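Down below is the structure, laid out as structure tokens.
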Amino acid sequence: MPSAFGFRFDNTYRRLPEALFSDCLPQPVSTPAFVLFNDNLAQELGLDSEALSEHPEFFSGNELLAGSEPIAQAYAGHQFGSLTMLGDGRAVLLGEQLDGHGQRHDIQLKGAGRTPFSRGGDGRAALGPMLREYIVSEALHALNIATTRSLAVTRTGDRVRRDTLLPGAILTRVAASHIRVGTFQYAAGQQDPVLLEKLVDYTIARHYPALEGAENKALALFEAVMDRQIDLVVDWMRVGFIHGVLNTDNVTLSGESIDFGPCAFMDRFDPNTVFSSIDHQGRYAYGNQPSITQWNLGRFAETLLRMMDDNTDIAIEKATTSLKSFSLRYEEKWRAMMNKKLGLFGSETEDDTLIADLLTWMHAQNADYTNTFRDLIQDGLPDGEQYQSEAFQHWHQRWRARLARNSKPLASSLCLMRNHNPAVIPRNHLVEQALQAASEDNDMTPTHALLQALSAPYADRDSDDRYRQPAAPCEQVHQTFCGT
């Protein structure tokens with residue numbers, strides 16, 4: 001039976017072996033108060049949003065919801081290539097909400113205090129990073145990209161010490177699950193085959209039920225996860241999203257984007273773009289995201305070798321053969337995505353050159369990634385000085401000739417482009433301005449306005465004009481920070 005607020009918890013993860021989690025209560029805060037509450041998401045979850053919006057105590061750890069059984073999850077992670085034992089150092093999973101369609105959603109408090117995995121951390125979070133996660137996750141959702149969601153951001157009334165004292169906050173994160181590649185690395189590290197098999201069976205039942213009964217369930221799971229990760233990174237590349245800290249603990253088995261600490265969106269097109277202040281070597285640069293995803297999947301495959309085959313050599317061969325297919329699978333899906341961005345139906349031998357030549361021109365001209373593709377939807381040559389060059393005009397003629405050979409009319413091509421090229425993204429300078437106003441001036445107006453613009457990213461709305469403009473030189477964001 002649902003509670004008075006519509007919560008229907010059915011907490012299956014904590015029925016797994018205790019090695020995978022620790023019981024852990026969220027730690028109370030001084031004076032909880034909502035700064036953001038996601039009414040639409042609450043309703044999707046089957047919750048009474050109107051009633052809940054009056055009760056920040058449930059989203060701060062001050063009171064527990066009926067049916068919640070809080071835990072902190074254990075996991076490991078390759079962080080910039082080095083394996084580390086991690087776990088939820090500042091997050092508490094309250095439980096799993098069943099919505100009206102029987103779909104299961106993790107409800108997690110991020111910034112809820114110290115846990116058994118906190119090590120030297122305080123377990124808390126600052127307002128700015130929690131607002132960033134809310135903004136970016138909801139923007140990705142509106143862009144039709146698989147992602148965790150944000151139900152609320154709650155001020156704690158306490159201060160957290162980072163470089164300076166900052167207002168504290170807790171994010172209520174909603175996810176299909178929080179099972180990560182790092183979860184499997186942790187389980188494999190326990191040297192307990194039964195534990196690993198139970199985790200595999202649980203993940204298949206929760207996320208890939210069609211695989212139940214597969215002849216080689218470990219290999220089948222690996223390939224299914226690889227397909228979802230390819231779809232995810234192709235979508236990131238489509239909108240110029242740079243995750244920034246693509247460690248194995250930030251790769252979900254559900255295929256959702258997760259953890260948005262130093263993430264950013266690319267303005268000027270450059271495959272080498274890096275924003276994260278801790279990514280000194282460009283490991284997680286925009287153009288490296290496909291290859292690092294393949295690397296992360298390799299670490300996932302390593303955890304499953306014993307289940308793929310009793311013979312280690314045969315298991316390695318199976319995993320390697322599957323992993324080698326990543327590049328071809330990715331290229332096919334990336335090419336299909338780029339064709340949609342350019343309104344191309346069918347396939348011609350020149351298409352690859354047409355795509356490559358445009359990207360080369362964009363890189364050389366420091367062209368805005370988002371606006372260039374959106375400008376192509378205009379009738380005739382796009383407005384703007386950069387489009388008057390002979391090189392672009394020659395490319396534009398070739399492209400229009402290719403559109404004329406499409407199997408569908410021009411109107412269909414333009415519709416396809418509008419649906420795959422956003423007009424509005426969370427531009428880094430606008431996100432930073434919103435976070436600064438909220439953290440320093442207690443002013444949420446810029447955040448609300450930005451969220452409104454991001455709610456319909458493919459629409460042409462005059463009210464969104466300022467959100468489409470690239471940053472002025474004095475507004476440019478050159479680095480982002482994880483905020484932990």
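Cβ atoms are placed via backbone N, Cα and C, with glycine included.
Same-site candidate for ATP binding, as annotated by Swiss-Prot with GLY87, GLY89, ARG90, LYS110, ASP122, GLY123, ARG173, ASP259, chosen from ARG180, ARG268: ARG180. Ranking the binding-site residues ARG90, ARG173 by other CB atoms within 10 A of the CB puts ARG90 at the bottom. Mapped onto three states, the DSSP output places ARG173 (ATP binding site) in strand. Counting in whole angstrom, ASP122 (ATP binding site) lies 21 from ASN250 (Mg(2+) binding site) by their C-alpha atoms. Around GLY87 (ATP binding site), the C-beta neighbours below 8 angstroms that are at least 6 residues distant in the chain are SER22, ALA72, GLN73, ALA74, TYR75, THR115, PRO116, PHE117, TYR186.
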